[in-house]
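Feature annotation from Swiss-Prot assigns active site, proton acceptor to 151; the stated evidence is sequence analysis. The feature NAD(+) binding site is assigned by Swiss-Prot to 15, 17, 36, 60, 61, 87, 151, 155, 184, 186, with experimental evidence given as support. Under the heading (R)-acetoin binding site, Swiss-Prot lists 138, 140, 151. Annotation source Swiss-Prot lists (S)-acetoin binding site at 138, 151.
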């Protein structure tokens, strides 16, 4: 198995893509550390995985003190960290005028600070194992969206941080890449009105949203030795959404 006895830390593991990634890495032999602010949800996911092969951590990734403590405790308890999956994220809709300073602080705290803090404090351990980082960015980090200014800014930061960290640490054997999903079927998006989901599906060449497991498969690929020469890549997992130049479909 590709991750036999490797230690994989996954943030935002209580649902959606993070939960799917936890199940994928676990199925491929990893010991998974599931980090999430939602204690009940992350405990439930951990309890559903093989006994002794999953550890749940209740954490706010925007708290750098808590993040440093978590990474050090994981490395001390499990002996190593091989993979960090920075998946925790939040979204607040609206333009810069429509959203508040608190909205920005919330998005920046989780979507940017969380990635920076987790990477910073995992890297000393990843350097020892020649491990890797996979960030969850977004197609919203590759181009702009209407009514999602802060989210686009945050995910754009993750995209370029991925490139910069790949340059800084690739020479030391640590690869850093990201996945850039479009619409994914999650607890949040499944509750959207059908007409909104239909608009997304019209922009996706495959005509549908991604299953969380489809994104998790790409995360696992990027973290595996199968991707040993991929570094600094931001991979769209979008059903062809970014293949378009933005002009309308008229045929």
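A Cβ is built for glycine as well, from the same backbone N, Cα and C atoms used for every other residue.
For the listed features, I'd like the structural context: burial, neighbours, distances.
Its Cβ placed at the centre, residue 151 (active site, proton acceptor) has 23 other Cβ atoms within 10 Å.
Residue 15 (NAD(+) binding site) is surrounded by 18 other CB atoms, counting those within 10 A of its CB over all protein chains shown.
When other Cβ atoms within 10 Å of the Cβ of residue 140 ((R)-acetoin binding site) are tallied across all protein chains shown, the result is 21.
Secondary structure at residue 138 ((R)-acetoin binding site), as computed by DSSP, is coil. Cβ environment of residue 138 ((R)-acetoin binding site): 151, 155, 158, 180, 181, 182 lie under 8 Å away, each six or more residues apart in the same chain.
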Whole-number answer please: how many Å between the C-alpha atoms of residue 140 ((R)-acetoin binding site) and residue 36 (NAD(+) binding site)?
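Residue 140 ((R)-acetoin binding site) and residue 36 (NAD(+) binding site) have their Cα atoms 23 Å apart.
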Per 10 Å Cβ neighbour count, which of the binding-site residues 61, 184 ranks highest?
61
Residues near the (R)-acetoin site, 138, 140, 151 excluded, by Cβ within 8 Å of the Cβ center?
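Filtered neighbour residues, in order: 91, 137, 139, 141, 145, 148, 152, 154, 155.
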Counting across all protein chains shown, how many other Cβ atoms sit within 10 Å of the Cβ of residue 36 (NAD(+) binding site)?
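Summing over all protein chains shown, residue 36 (NAD(+) binding site) has 28 other Cβ atoms within 10 Å.
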